Structure formats: C-alpha cells, structure tokens
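Beneath this line is the structure, given in structure tokens, with notes to follow.
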Amino acid sequence: MVNIPVLEQINQILHILFIFLPFLWALGTLPPPDALFLWAMEQVLEFGLGGSSMSTHLRLLIMFIISTGTAVTSYFIPSTVGVVLFMTGLGFLLSLNLSEIVFGFKHSVTGHRVGTESKALPNGLEKQFTWKEYLFYSIVLVLALLETGLLHHFAGFSQNSKNSPQAIVGYILMILFIILWILKEIQSVYIFGIFRNPIYPKHVRTVTLFLEKQTTLMKIGVVRRILINLVSPFAMIAFLSLDSSLQGLHSVSVSIGFTRAFRMVWQNTENALLETVIVSSVHLLISNTDIWWNRNLDTGIRLLLVGIMRDRLIQFISKLQFAVTILLASWTEKKRRKSTTTLCVLNIVFSPFVFTFIVFSALLSSPLLPLFTLPLFLVGFPRPIQSWPGVVGTTACVCADTVYYYQMVPSLNTALQSAMAAGSLGLLLPGSHYLGRFQDRLIWIMILECGYTYCCINIKGLELQETSCHTAEARRVDEVFEGAFEQEEYARVCSINEHFGNVLTPCTVLPVKLYSDARNVLSGIIDSHDNLKEFKGDLVKVLVWILLQYCSRRSNMQENVHKTENKGKASLIILPPLNTSPQTESPEDTDSLNSENLDDWSDDVFGEEPTIKKGKEEKDQLKVLPGINLPIPGSVESQGVGKHSTGTVTENSLYQAVALGYPATDKGKQEAMAYIPLMEFSCSHSHLLSLPEEWISNCLPNSKVKEMSSLFPEDWYHFVLRQLECFHSEENASNVVEEIAKDKVLKDFYVHAVMTCYFSLFGVDNMIPSPGHILRVYSGVFPWSLALDWLTEKPELFQLALKAFRYTLKLMIDKASLGPIEDFKELTNCLEEYESDWYIGLVSDEKWKEAILQEKPYLFSLGYDPNMGVYTGRVLTLQELLIQVGKLNAEAVRGQWANLSWELLYATNDDEERYSIQAHPLLLRNLTVQAADPPLGYPIYSSKPLHIHLF
C-alpha cells in the first residue's frame, strides 16, 4: 500500500493540512463535533438520499436512519419491479409529514372513542388531518405505484432513441418546467427581483381592495399548485420508471441514485423537476455514448450530481452577491470610508483569493464569514441550516410586547399557507428567511423543513421599543416595501427595483388579523373643566349601571346552581348594629392624622403629573389590592408593584366606623355613622338584585351620605332596571320590574353602595378632579378617604368601582370626540359596547394580555408622556390588515450570524456599540443580529416549529 500513488498524495496533503489546523482552529474555521455531525447528516440526507433538512435534531437523526435503511434495503430486493415499487412507495411516504399525520390520526381516534371534540394539536398544527386528506394521500400512493409498476413492466427501454417513451416524457417535463417557472414569477411583486410584475396590484392599502385585485393571481396559484402536487410528480415518475438503468440489479449506484430520485419527486418537486429537465436536455443534446457522462453514470447518479451542482451554484451566486454588498456597504458608509478604503482596494487586488474563498465556502455549504462585517472574508465552519444549537422556539427574551406576536401568529400561519401554496414567496427551501413588516412590528420567518404538501417554519418577533439603529433599518425596510407595494396607478408598467442591492427583496402582502396601535394626545379633553365636571355626573350613572348588571348576572348564576327555597318569602337584610362604645385610638389611627398624609396624595406643584411617595405612609394609607398597579410618575404606562395582603377581616370589622382624618372628638361624641337597621324588601323579587350584605356601607357620616345622596340619578336607576334581562323568566316581567323600582329599601342600598364608591374615588374634597387625579385613580391608586380601607377590604367591589371609573373616562373621551350622548338608550348602548367589545385598563395589567389573547375587538389605556408633558390615550383595534413580506438573502443572514458567533465566542468582543451591530440600510445588520437565537440575539418571541399544510 506504500507504493500506491493516490495514498502518497493524500499523505502529503494531510501533512500540509495538519500544520494549519491550529491556525484554522484559532480563526473558528474548524467546526465543533456536534455541528460537524449534524451538518454531515443534513448533506447526506438531502443530496444522497433525497430528503430535507429537518426542524429538530431528533427528527433529523430518525429520518437519516430510516432513509439510509431504505437505500440499503433496495439493494437486496431481487426483482426490478419490486425495487421500483419499493422506491416509489417509500419515497412518497417519507416525503410526508409522517409524525404529524400519525399523531393526528391517533388524536382523532381517541377523540371519537371518548366522544369529545379533539383539542388543537400542538406544534402549531392548527387543524387536524381530515379523512379527505388521508383519502387523498392514499389515492396518490396507489396511483403512483400503479403507474410505476405498469410502465416499468410493459414499456420498452430504448434509451438511445430521441423518440423513445422516456424522451417524449422529457419533452413534457420541459414544457411543465417552463409553465411552472412563469406561474411562480408572476405571483411575486418582482420578476427576478429586478423588474416589477405588471400583473401584480400596483397600489394596495386595504385588505378588501387587495383581495379584489389579487383574484386573478389566486386562480393562477391554484393551477400552479395542481401542476406541482399532481401533474409534475407523476410525469417525473414516468420518466424514472422508463429508464433502462433500473434493469441493473444489485448496483450501489442504482440503489443510491434512484432512491434519491424517487424521493425527490415528492420531497422537493420544483428542484427535482429542474434536475430532471437538465439531465433530459443533456441526454438529448449529447448523442455520443462514448463520453464519460453517458458511459459511466446511470440516470440516478446524474440527477444526484446535477442536484449538488445546482445547490452549490445557487449558494455561490448568493455568497458572491453578499460579498459585493459588504464591499458596497463599507464603501458607501461615510463615517468608515477612510478606514475601509484600504480593505476595499485589497479585496480588488486579491480578488482571485477572495473568489477562491467564496468557491470553497460554497463547496462546503458553509457560511461566508465577514470579520466584524468588514470586507475581510473567511470560510466559516460547516454547520446545520438552523445555524444555532438547541431546539427551535425554546428561547426568547420575553417581555410585555411578546403577547402581540403571540396573538397574530395563528392568523399569520393561515395567510402564509395561502401565499406559499400560490408561490408568492418564491421557491420554498430549508434555510430561506423572510421579513414581515407592519407598523412597529417586525416578523422574522425561517423555513426549517419542506416536504410534499407541507412546510415547517419558525416565526420570530423583534422588539417594538425601537433603538436608533433599529429605527434606521426599520425605516429602510419601510422604504423598500413602499417602493414595491405603494406605487401610483400612473407609474410605469415595468419599473425597476430601486433597492436591488439590498438583502431584502419584496415578495407579497399578507392579510392578517392583528391589532393596529394608535396613540393620541388627550390635551384639550382630559384637562377641560367642562369635561371633568360632566365626568363626575357620568361616574354615578356608570356605577349604578355596573352594580345593577353585576347583581343581575350574580342572581342568574346562583339560580343556575340551585333554587332558593324561600324564593317567594320576603328577604331580610340583617346588618350588625353600630358599635358605639368608646374606641381606643390605634397607632395606625395616630399615623393617619399626620398632616403629611394628605400631601402624599396630591398633585405636583409643577403641573398635573401624579406623585406618590414611598415609605410607611404609602403602606398605611395607600392600601391596594393584589393585582392593582401603581403608576410610576412620568411614565407613559404604569408598571406593577408588589402585592399587598389585606389580611383576614372579621365580620364585625366590616361594619366598624372609620373616622380617620377628622378632628379629634371627645369620647362618646363621635358623629353618628350612616346605619341601616333590620329592614324588609317591599317586593318579593328584590332579592334578585340585592347587593351582597358586606357591601352595605356604614362607614360614612350621616351628613356626608345625605349630602351626596342628592347626586343619585333615580330616573337612570329606574331606566337601567327596565333594561335588565334577569326577569325574562318571570311571569308579568314588566309588573315585576315596576314593583322592584318602587322598592325604596333596595334603592337605599344602592344609594349607599354607589355613593360610598363615589366618595372613595374622589377623596375628602368633593371638587372637580384634576387630570393627575384621573390618571392616579385610573391606575388603581385611590385617594385617602373615610371609605378607603372599607373598600379595599372588598376586592370585588373595588374592581367594579375601578372599572366604572375607567368606563367613565372612556365615555368622556368619546363624548368629546364624537359628540354628546342624546338619551339614556344611547348611554346604555355605549356601556354595553364597552362591556362586550372593549378592555379598558393598563398595559401592565395581566388582564390586558388576556384580552389580547382572547382577541377583544378594542383595548384602551391611559398614560402620561413626561417628555412632552401630555396625557396620552392608546387604542388597539383588532382587524384584518396587510403585512408586507420580503425575502432575505439567506447567505447574508448565515454570514452575519456566523460573524456574530465568531465575534462573541472566539474574539470575545461583547461591546454593546461594536461596529458589527450598527445599523446599515443595505445589510440590515442590527435586525439580523436581533433575530439570532438567544443568548447572542434577542428576539422577544420565537415560535415552536409550525407545520403549514400546502394542500
């Protein structure tokens, strides 16, 4: 063996290579073992066995083992017909999303067996496989096996003739390829990424207008999907079945080549069609049988070599485009032009070496690594398509804005399904990256896996709080999309893409159901004296409406659980007598009498900005419930604080008088508190609207109750009673309502509850509230009053009072914007709309996130902008809007991610202001770094692998 020339040459090459290994390791060119192993499996699976990159490492390992076993098994099958049928059947089955199909089948069987509806499947499988899809796959498999077996058994194999059956099928495939290529190109806004598609709608702003103009394109997309899913695979199977190479059994080349070919027909139909057309064309053009291509290679190996060359050529073009973009980006950046001019000149002088690096990187299918994103190129180590270790979608920098992406993903998934099926996003290949844009949201989409009628993707959401770099690149993204999708009607028919050098190429727009975000300045509304004066009167009405609605629903719920035995008897409300015995003043009472306490809850001397002091006074005076958020002064939105426990409250303490803050009086001479003795309802149905016993307030002085009772709107109270739905089951409902309306005891209970809440919301002074007061109470921080402790000990009533206050604020804004309320009916409709279609609260509330996930049609929040010194309103509106989507240069993304990994892990350059993450409009460096997996990147949302049906 020492004398074998080939081994001697390999020995010499390895001696030279070993010398450079430490240097290559230091530059990060040598791959880690796990990355090398996964990369090798991906390459063998894709180019040797006809498979696809998989969404997880476990799926990749299992599919690699099964696919290898298929190729090995085909070698030992003794019959040619058996080999062809085996390759066709296994190729079709392995190209399907088998794991989800099996899981969906088990799930549906279990659901039918139990007799319950099946829940949504995990991993983003929005809908289960139906029996129609199982039937479709079964029919396609049977037809494919019949076609393969019959053609291989009965047709002739005159391969050298240009009039042979295989040659005729080759002509058909060429025509199919041309038709599919044309249909694919006209689906996108740009042809070749350069010329604008004249068929694509020029100017679209609304979903309705876009769908009307896209009708023709959708019809074309249906034709294209039929040609790809049905016509092309059967035509290619006919081409392969008629090949004479299949007559040679027990050949390794036949087993590997045709196992891959029969798999590629289904796994990646468009690429398989291209490869088959190239092989067929070469065979028709080169009639000489003595050349190496025709003599030593069978059709399966030819297809394999063409597939590798196709992939490496596409990678080479993408890497070359990325390298040119890096050079242009360095040259056009004025701040760095002096320092990068030398590098650009060196790249031009040593262009053969740069070209060699690009070729070598393409051959290895490894990223082209620009050091610090400067024109200094290295060959990155080979790595899987996903670029990052770990399971996709398990890590993200979750924050309050994550919920917006979480809500929109299901609808985006559906929109992507239609666009991918129609071909609007171009050729779907694992490792492709797309960028979506809507308002302040940036959506990063990566294709992980592709197969027959399915595609697996990962969706990431980038941060909404835009930094300067983020804003600069987002502005360029908007410019790129506006130039493509918002052209004037009189623009040229076939214009040129002005941003052709950018790594982003616009593709299409997607109609997605999501929240639009509108922020308004409330100057002139919230600080208007007339509006604030009306606010107080409206608040009493809203409190009455909310309490009556609550008690009505409460009685309905109780009746559904059990029937009250004494329903027809008079209901008694028994209140404990007021304890008028002399009370010992507690330390808390002493603290509450300090003059500083009222200063803790006061407007700032410089304006209406809310001010809240910290410390013992806040703990004692500003007692809040768990889940109630205190605002940070000067913030646009309030942030949450720690929870406060009110402790256990005895029954008697609920009715004790609270006299904090009044002048000290002699023992036994305290002012009598409002007290309701044992009383009986005059109407037997009043119990349906009775307030909970602990809500009957006796914490206010009689004088205060009498003073504020005059504000109670009796006519509104009677009107709301007549609108309630809890009496529909009663006979003579109208008479029952009239009897309840005349029940003075019930009305007095509501007067006390409503006015106690009203007093708690406005504090000691019954004055016109200030904007700062409005914001503080809206944020859940009530002013100190006699009834504050009493109210905070009743969490449910506290929340109802807070909700009434927030509804009233929204009502005040609507009246100022849309006009006054004409009558009680209109006011009721308005409040019912708030109850059913709105969530009115704080962005920091957990219920805000719940409302978004429940897809409430509208959300409103009040805030304060300290920079502008104004109060702001934020409205989220759920509607179907258009998201603009473009395709990114995959090699540019892989190269920048490779540099990020090299710079942080090898060069240990973790400077937050380093050059490689600075904004650049051509490369979109900052956005690309954000989209990397944590800890190197920081997307705020990352989905688990989502399986999209392209059926």
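Using N, Cα and C of the backbone, Cβ positions are placed for all residues, glycine too.
If you check TrEMBL, you get these features:
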- 12-39: transmembrane segment (TRANSMEM)
- 83-103: transmembrane segment (TRANSMEM)
- 134-155: transmembrane segment (TRANSMEM)
- 167-183: transmembrane segment (TRANSMEM)
- 222-242: transmembrane segment (TRANSMEM)
- 313-331: transmembrane segment (TRANSMEM)
- 343-365: transmembrane segment (TRANSMEM)
- 576-600: region 'Disordered' (REGION)
- 586-600: compositional bias 'Acidic residues' (COMPBIAS)
- 789-943: domain 'Pecanex C-terminal' (DOMAIN)
The transmembrane segment (83-103) and the transmembrane segment (134-155) contact flag, 3+ Cβ pairs under 8 angstroms: yes
Same-chain residues at least 6 beyond the ends of the transmembrane segment (313-331) whose Cβ lies under 8 Å from its Cβ atoms: 337, 340-341, 343-344, 347, 354, 358-359, 361-362, 365, 368, 370, 373-375, 377, 501, 503, 889-892, 895, 920, 922-923
Taken over the domain 'Pecanex C-terminal' (789-943), the model's mean pLDDT: 90
Positions whose Cβ lies under 8 angstroms from the transmembrane segment (343-365), at least six residues beyond its ends: 39, 43, 311-313, 315-316, 319-320, 323, 327, 330-331, 374-380, 382
Outside the transmembrane segment (134-155), six or more residues from its ends: residues with CB under 8 Å to it: 80-81, 84-85, 88-89, 92-93, 96, 101, 105, 165, 230, 233-234, 237-238, 240-242, 246, 951
